[in-house]
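Colleague: The structure under discussion is supplied below as structure tokens; questions concerning it will follow.
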Amino acid sequence: MDVVMSLVLTFLLTLANGYFSMSESALVAAKRAILEHDAEEGDKKAKAALKLASDSGQFLAAIQIAITLVGFFSAMVASTTLSDPLAAWATSLGAPEDICYAAAPSIVTIIVSYVSIVIGELVPKRIALSNAENVSKSVAGFLTTFSKVVSPLVWLTSASAAGLAKLLGIKSADDRQDVSEDEIRYLVTDSDDLTDAEKNMIHDVIDLGDTIAREVMVPRVDMTAVEDVQTCSEVLAIMRRTGYSRIPVYHGDVDRIVGIAHIKDLIGAILDEDAAEDPVGTLAREADFVPDTKDIIPLLSEMKSSHDQMVIVVDEYGGTAGVITVEDIVEEIVGEIEDEFDPDNKYLTQLSEREWLVDGRFSIDDAIELGWPIEDSEEFETIAGFVLDQADSLPEPGEVITMDGYKFRVQSVRGRRIAMLRVTAPEQVSDEDKSEGSDASDKDHSGDEESSSDSGKTKRSHHGSDKDA
């Protein structure tokens, strides 16, 4: 074989190596959703690419065999047919003959390897990654045929690899543990294809797996419930005032829930004048009860199957702990769902740039997002719970909890819970003020020591003049 033919053959083998490398990268990087869309539109090439991607083990093994064989033959052809001409050329230039013939095969191999890396690997992979879906569709037909042709060799090599791995005690891919929750979180956070809202929603879906009914329910103290002896017209008026379409019905006390009143049934009763003054207990539908430790995902599935929009949550003693609706669960994923009856910002009213009026039920997660100095804790879920945790007892109206300059003042207490708070943020210190403060600190070092000893600590104080606030 002359030199020209050897060079041409080596170059063609390098191009073949590049083709298989490009095919592998494209099929791995192609977005399945785009291929599925094209396949639904009738694109046969997209269907072929999807079929290959669904059995990635088969086509990846076939491509690996092809790349290995092409690389082997490329190096063999180059070293056996180009080494002697290269050595003869170097000798004609005056180089020692024995050294030239000894070094020529290595030099040829290095040159061929360099060309193979650039033309056979790097450039093709860049082409594939820049337009993965179109490249996948272009190569799918040939790769399907090629995979079938080399399938016996693929089976032989796969069986040999599996046997050797078993001898070495290496687990197969099927035996490996599924991707962990932390890995999913990392992939979602690191993704450039998702918006912040989509990332937050995915994180909320993951968190839902660790959420129980007690964390989502409307607690007993905030429930709207009616007694079974109240008339249908009275209960309908309550529904109009609260905006609820379903209300639990109890007998005697809230721990004895006998059913759920539906607005549709009550409207029917009102239209029938004779039934308008009937006790609501006669129309209450049967209620389902769930323990407060029930996992949310199975609960949502059960509510969907039974067509329940509301269930009653009970504690370990059988008493009513609260109620939970499908909307409550969905809001854990997509955030607060406001309907035409919901007031805007019902738990938070901003009074000024540094001051807010806050309902005690305002969630800790939302407070943290506002930058308030509160650490997430399993001990409490609301701003009222945080204040109670810091105070160690039920504070009176006017009492203030101070943390990192933020003041949490109790505005009102309802029963044994904090109803409203006023939160005040510290003033922002300008650079000029900081400079002046630094000068002052040099003059009064002892004052700084006293101040620094209190920074970051929680203080509890009582302001009698604020009781009527």
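Placed from the backbone N, Cα and C atoms, the Cβ positions cover glycine too.
Look at TrEMBL and you will find 1-201 tagged as domain 'CNNM transmembrane'. What TrEMBL lists as transmembrane segment is 59-78, 99-119. Summarising the annotation, TrEMBL assigns domain 'CBS' to 217-277, 283-340. Annotated region 'Disordered' per TrEMBL: 424-469, in sequence order. For 431-448, the entry in TrEMBL reads compositional bias 'Basic and acidic residues'.
Locate each feature and note its surroundings.
Modeller: Counting residues 6+ beyond its ends, the transmembrane segment (59-78) has Cβ neighbours under 8 Å at 1, 6, 9-10, 13-14, 16-17, 20-21, 23-24, 27, 52, 108-109, 111-113, 116, 120, 143, 146-147, 150-151, 153-154, 157-158 in the same chain.
Listed as Cβ neighbours of the transmembrane segment (99-119) (distance under 8 Å, sequence separation of 6 or more from its ends, same chain) are residues 10, 14-15, 17-18, 71, 74-75, 78-79, 82-84, 86-88, 90-91.
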Colleague: Report the DSSP secondary-structure composition of the domain 'CBS' (283-340) as helix, strand and coil residue counts.
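Modeller: Helix, strand and coil residues of the domain 'CBS' (283-340) number 20 helix, 16 strand, 22 coil.
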Colleague: With helix taken as DSSP H, G or I, strand as E or B and everything else coil, how many residues of the domain 'CBS' (217-277) land in each class?
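Modeller: Within the domain 'CBS' (217-277) the tally stands at 26 helix, 21 strand, 14 coil.
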